[in-house]
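As recorded in TrEMBL, the features of this protein are as follows:
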type	residues	note
DOMAIN	43-158	domain 'Phosphoribosyltransferase'
BINDING	Arg91, Lys92, Lys95, Glu117, Asp118, Val119, Thr120, Thr121, Ser122, Gly123, Gly124, Ser125	5-phospho-alpha-D-ribose 1-diphosphate binding site
BINDING	Thr121, Arg149	orotate binding site
Amino acid sequence: MSNNKDLIKALKDCGAIQIGEFILSSGKKSNYYVDIKKASTRPDTLKLIGKKAAEIIKSIDVDNVGGVELGGVPIATAVSLESGLPMIIIRKSSKEYGTGGRLVGQLEKGERVILLEDVTTSGGSVKEAVSNIQNEGGYIDTVITVVDREEGAEENLKSAGIKLITLIKASDLV
């Protein structure tokens, strides 16, 4: 999005955009890597991401923001602070101690959740997180990603009834 030139610059300035040879979590090879964790550990950049996502959320009926560990958690935290909405954390796997479960935070049946993601590729991990939220009684139909690698996530999520909102497309970065 052209109105996110400031965010593109911030991602480049903090070293979140790397050129080289990389293996992605999907197992695919790539000639670039987007390490949003570098952005998430920079207060000014994280605050900018939070403001941009919170601005989008203003027009969406939502009760909670959610983030998948690890990359989505600081983003969801920034959006929660900016928007005043409560937050849930979605674990990648259930813990074997304490209360167990895959969700951290309060989620009542029927509450609407918007998921925040750092980078989307095919959308597989997002679909799993969506399923976990739905299994706990939450309603989710929208995901916001900081960067979409434009490798099928939007189409795959759309086929599952989930709208993907992208702050930055990979083609705007490289």
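Glycine residues also receive a Cβ, built from the backbone N, Cα and C atoms like all the rest.
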### Task
Would you count the other CB atoms within 10 A of the CB of Gly124 (5-phospho-alpha-D-ribose 1-diphosphate binding site), including those on all shown protein chains?
15
### Task
List the same-chain residues at least 6 positions away in sequence whose Cβ sits under 8 Å from the Cβ of Arg149 (orotate binding site), in sequence order, or say none.
Ser30, Val34, Val119, Thr120, Thr121, Ala170
### Message
Counting Cβ atoms within 10 Å of each candidate's own Cβ, which of the binding-site residues Arg91, Thr120, Ser122 comes out highest?
### Response
Thr120
### Query
Hey, does DSSP put Thr120 (5-phospho-alpha-D-ribose 1-diphosphate binding site) in a helix, a strand, or just coil?
strand
### Query
Across the domain 'Phosphoribosyltransferase' (43-158), what does the pLDDT come to on average, as a whole number?
92
### Query
According to DSSP, which kind of secondary structure is Arg149 (orotate binding site) found in, if we only use helix, strand and coil?
coil
